[in-house]
Amino acid sequence: MDWGALHTILGGVNKHSTSIGKIWLTVLFIFRIMILVVAAERVWGDEQQDFVCNTLQPGCRNVCYDHFFPISHIRLWALQLIFVSTPALLVAMHVAYRRHEKKRQFRKGDQKCEFKDIEEIRKQRFRIEGSLWWTYTSSIFFRLVFEAVFMYAFYFMYDGFRMPRLMKCNAWPCPNTVDCFVSRPTEKTVFTIFMIAVSSICILLNVAELCYLLAKFFLRRSKTAGNSKQQPNHENKEETKQNEMNELISDSCQNTVIGFTS
Amino acid sequence: MDWGTLQSVLGGVNKHSTSIGKIWLTVLFIFRIMILVVAAERVWGDEQQDFVCNTLQPGCRNVCYDHFFPISHIRLWALQLIFVSTPALLVAMHVAYTRHEKKRRFRNGEKIDIEELKNERIHIRGPLWWTYTSSIFFRIIFEAVFMYVFYYMYDGYQMPRLVKCDAWPCPNTVDCFVSRPTEKTTFTIFMLAVSGICMMLNLAELCYLVIKICMKESGKAA
């Protein structure tokens with residue numbers, strides 16, 4: 001179970017995402033996870049090994065390293081990426097649940113269901129409407145919250161995003177104050193700033209997607225409100241009836257057994 | 001045979017689980033196994049290398065490390081995850097057995113579609129209910145046992161920075177310093193929290209199954 005497996009799991013979610021969601025997923029995998037695995041892990045690989053303190057006192061280096069790096073950047077990024085990817089699974093579970101319900105109706109022989117075979121149900125792309133809209137929107141909301149929380153945790157834990165070259169340590173058993181030198185500080189600063197920048201881009205994409213979904217929701221609402229106002233004045237009542245029938249038929253597969261509204 | 005193989009084995013069980021069971025499996029793979037592989041193993045990677053003792057006495061560091069860390073956290077978690085995943089195999093075996101019996105009946109001339117048999121989702125009823133419920137029960141037992149073993153072996157869930165060691169051949173008492181204690185404490189508490197969540201999911205699933213069977217029995221009685 002590693003990043004590849006996460007990629008497989010989230011790949012399935014991709015089909016039901018908006019375009020912005022697909023861009024977000026690509027940015028996540030290529031500019032964050034891949035950078036973490038192929039580059040950042042090597043930079044931080046020797047962080048404790050090459051953390052050198054100007055003392056012969058045994059244990060001083062361990063204690064100073066632990067004091068200045070409570071949780072390594074790499075682990076924080078790994079946790080951030082896992083937490084940020086997880087809300088998408090809510091969407092995947094919701095889609096799987098809907099598919100399961102449609103398969104059940106299909107097997108019962110419901111004639112109102114428009115699918116001809118089970119393969120079509122499997123391949124169907126669900127539109128982001130109704131309860132799925134709420135699941136999708138809350139997943140984006142949680143993603144934003146997790147991103148913000150981790151960025152703040154980074155800032156708080158390391159007093160900014162810069163990696164200092166020298167740290168002065170006076171934790172026991174170090175004698176008096178000891179100079180400790182960090183390994184590869186410039187490279188680490190560069191990668192930290194890069195990861196922060198890509199996190200910000202991801203936050204912007206999530207905000208844009210949230211706005212898009214809200215705008216779509218309000219537009220659809222105003223359209224249905226507009227249509228319902230026009231119907232009593234409409235001269236062609238047969239057309240109205242036909243529209244209603246079509247709506248009922250297309251909605252029936254979603255509404256019959258479970259009873260959730262579209 | 002590694003975590004990926006375990007995932008493929010347990011993936012098959014997923015189809016016959018309840019919804020809570022599916023959530024449990026997701027939590028297990030993403031928040032426990034994946035965290036173990038991508039993060040925790042690196043944190044504990046240099047645990048003996050950077051275990052430093054304030055002495056020149058050869059052998060003292062080895063002896064002290066062995067005294068304070070009889071079984072490493074990483075190995076205990078790996079064992080815990082394997083033991084906790086294994087009861088699901090009982091369910092997989094039962095399902096395979098049921099399918100095998102149906103195939104046998106088909107071959108003996110009964111009219112059952114063999115393709116549908118392969119893809120059929122078997123409901124949790126009858127003897128399968130007992131197998132499924134006992135698998136959840138064993139999962140809970142294993143989780144609790146390992147959580148207790150952790151607590152007992154390491155005197156709580158906090159990793160100390162300094163351990164005082166006087167095992168032979170160390171002269172008198174020697175200060176030994178653990179590598180990355182804060183990071184290790186953070187991950188220990190994280191893994192403990194997720195174990196707690198998994199245990200609650202298992203309890204919820206157990207209650208759900210018991211209630212389902214009680215309602216079915218009362219339905220039949222009525």
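Glycine is no exception: its Cβ is also placed from the backbone N, Cα and C atoms.
TrEMBL: automatically predicted annotations, no manual curation.
Pulled from TrEMBL:
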type	residues	note
TRANSMEM	A:23-40	transmembrane segment
DOMAIN	A:42-75	domain 'Connexin N-terminal'
TRANSMEM	A:77-97	transmembrane segment
TRANSMEM	A:132-158	transmembrane segment
DOMAIN	A:146-213	domain 'Connexin cysteine-rich'
TRANSMEM	A:191-215	transmembrane segment
REGION	A:226-245	region 'Disordered'
COMPBIAS	A:232-244	compositional bias 'Basic and acidic residues'
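If you count C-beta pairs under 8 angstroms between the transmembrane segment (A:77-97) and each of A:23-40, A:132-158, A:191-215, the highest count goes to A:132-158. With a cut-off of 8 Å between Cβ atoms, the residues of this chain six or more beyond the transmembrane segment (A:132-158) that come close are 16, 70-71, 73, 76, 79-80, 83-84, 87-88, 90-91, 94-95, 98, 126, 192, 196, 199-200, 202-203, 206-207, 209-210, 213-214, 217.
Residue counts of the domain 'Connexin cysteine-rich' (A:146-213) by helix, strand and coil are 42 helix, 8 strand, 18 coil (DSSP-based). Secondary structure of the domain 'Connexin N-terminal' (A:42-75) per DSSP, as helix, strand and coil residue counts: 14 helix, 2 strand, 18 coil.
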